[in-house]
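Peer 1: Pasting a structure here, questions to come.
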Amino acid sequence: MELSAAAFRFHRCAAPHLALSRSVATANPPSLWNRRVPPIAPLAVRLDRRDPLLLTGGRSRLFSSWLRESKKPAFSAVRAIRGEMEPAGSLSGKIAVASTVTILLAVLNRVLYKLALVPMKEYPFFLAQVTTFGYVAVYFFILYLRYSAGIVTKEMLALPKSQFIAIGFLEALGVASGMSAGAMLPGPAIPILSQTFLVWQLILSVLILGRKYSFIQVFGCLLVTAGVVISVASGANNGEFLSQVELLWPALMVASSAFQAAASILKEFVFIDGAKRLWGKPPDIFVVNSFGSGFQALFVFLLLPFLSNIRGIPFAELPAYLRSGAACFLNVGSLTKGCEGAPLLPLLFIAMNMAFNISLLNLVKMSSALVSSLAITLAVPLSIYILSLPLPYIPEGASLNVHFVVGAAILVLGLIIYNLPRSANQNYKSD
């Protein structure tokens with residue numbers, strides 16, 4: 001009786017809203033019904049918080065009791081805004097599959113990059129520019145095909161470009177500062193300092209997206225970071241590899257991670273904000289990929305003289321360097337000594353890197369930027385282990401010490417702790 005009474009009172013409270021929706025439906029053309037209307041759950045939350053005249057005395061307690069139960073839906077409220085009206089179990093299963101695919105592609109991406117540098121060892125800067133500018137053409141071509149097929153709509157293409165400009169600028173800034181610091185830092189320090197990326201994501205997701213994380217989640221993320229640092233630092237010389245380096249360069253590498261973390265959080269914001277603008281349907285990943293990569297390429301092009309000088313290539317000599325790099329990449333001409341394995345290995349890396357980037361952004365769309373970062377973090381020790389084995393073009397293997405095993409174990413423990421089952425209410429608050 002109590003539940004039915006509460007439901008009856010909710011019907012009375014919601015009746016004006018339902019009547020209004022019926023009048024709007026009859027006043028508008030049938031095409032309106034083709035749009036995906038946002039779920040009613042946010043309306044219930046607004047009634048609970050902002051309409052005290054409807055909720056007084058015993059009716060308030062009855063309605064609040066019913067509403068507390070209704071605020072534990074089968075799907076996350078954030079997912080509902082994104083238009084993903086799926087049960088929590090189904091969505092969690094899809095996220096698990098997408099995470100597994102992303103981890104696999106991340107491992108293959110790292111291994112193939114190492115193999116691609118065998119023929120391109122003299123031209124890593126050329127390979128970086130191919131991936132930066134070549135992807136723009138490929139992404140926009142795929143975007144055009146999806147627009148022609150009706151998957152991408154005009155409304156998606158009309159999303160504010162200021163967000164994509166900010167993403168491109170931050171990513172280009174991250175590349176420039178990372179290359180500047182990388183030129184002055186010893187090899188083992190670079191991947192270790194890059195792990196501050198995860199910490200920056202935690203901080204920025206709270207500041208920009210208003211996320212709330214439990215102590216267990218934060219502790220799990222810190223364990224993941226510590227595990228990667230221990231694994232990667234296993235080859236460092238007694239921990240003194242930063243003792244002779246000015247503080248400016250490690251700080252610049254940390255700043256590079258902050259820029260890239262901010263770009264990843266902004267991509268997640270684009271999906272959430274875009275879903276609000278598009279009646280609950282999130283933007284297509286190729287809209288975000290294409291415009292984000294396009295503006296990144298623009299800013300990298302403007303910074304090209306600076307970046308080439310950092311890599312020890314005077315800007316006046318850059319055209320000749322690019323021609324030599326293209327000859328080595330294609331393995332044609334008379335100056336291709338040492339380019340054995342091209343173009344197969346570089347092309348395999350480019351294809352894998354593109355698939356990895358698409359999979360990563362899809363995981364951001366389905367879950368969050370932090371979840372995607374945790375997934376690819378697991379790929380770090382897996383990649384190190386595979387690269388320690390004898391591989392084609394890299395026949396000499398490497399031995400892994402006990403620090404690597406301990407670090408990998410801590411990393412996996414951190415992932416398990418972060419993903420410990422939580423109540424529906426906690427999931428609702430922290431997403």
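Every residue, even glycine, has its Cβ placed from backbone N, Cα and C.
Keep in mind that what you see is a predicted model, and the values were worked out from it rather than measured.
What TrEMBL records for 95-113, 125-144, 164-183, 189-209, 216-235, 247-266, 286-307, 344-364, 371-394, 400-420 is transmembrane segment.
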Peer 1: Counting only pairs at least 6 apart in sequence, do the transmembrane segment (125-144) and the transmembrane segment (344-364) share 3+ Cβ pairs under 8 Å?
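Peer 2: Contact confirmed: at least 3 Cβ pairs fall under 8 Å.
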Peer 1: Which one of these stretches, 164-183, 189-209, 247-266, 286-307, 371-394, has the most C-beta pairs shorter than 8 Å to the transmembrane segment (400-420)?
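Peer 2: Answer is 371-394, with the largest number of Cβ pairs below 8 Å.
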Peer 1: I'd like to know if the transmembrane segment (164-183) touches the transmembrane segment (247-266) in this structure, counting it as a touch only when three or more C-beta pairs sit under 8 Å and are separated by 6 or more positions.
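Peer 2: They are in contact.
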Peer 1: Hey, does the transmembrane segment (189-209) touch the transmembrane segment (286-307), meaning at least 3 C-beta pairs closer than 8 angstroms, sequence gap 6 or more?
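Peer 2: No, these stretches are not in contact.
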Peer 1: Would you confirm whether the transmembrane segment (95-113) and the transmembrane segment (371-394) meet the contact rule of 3 or more C-beta pairs below 8 angstroms, pairs 6 or more apart in sequence?
Peer 2: yes
